[in-house]
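Feature annotations, courtesy of TrEMBL:
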type	residues	note
DOMAIN	5-40	domain 'EF-hand'
DOMAIN	55-90	domain 'EF-hand'
DOMAIN	97-132	domain 'EF-hand'
């Protein structure tokens, strides 16, 4: 049984993927996301758009193969929750697409490409996603435990916490959470 706390976290991510607000996620949502991410700096970087699209479609294919139980080309909220509940039972045995998704997210946040995410990078990304600076700073502070940066190894722990932890105080819970206003 999935706790209400984890269900709420899973639905935050589900809703961010449901780019067309259809109530399901499907391949076109990932195509839209690639376009939106490529436009993050105001103009489309065609090379980055192709790279993002390729990666996001790998993630979609993994999600669809594992979660789309009725094979209708759409992943419902319940299928999504079941997918992540299965992950939470053994996060050390992540599917390849889940590892790709984790790395993709890290790379989006590590805009400097130095293998760490600092507060400035994190805040800039969250601001680009429409959140307020002070809220993003507070989330980063909680996730980093007050350190100036989060390494790839630390990010992977935070990732697992987000999708598997029922502890409301786990730092990883801040990863995909909307910052306080």
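Positions of Cβ are set from backbone N, Cα and C atoms, glycine also.
Distant neighbours of the domain 'EF-hand' (97-132): 37, 40, 55-56, 58-59, 61-63, 66, 87, 139-141, 143-144, 148-152, 155-156, 159, 178-179, 181; these residues of the same chain sit at least 6 beyond its ends, with a Cβ under 8 Å from one of its Cβ atoms.
Within the model, the domain 'EF-hand' (55-90) carries an average pLDDT of 96.
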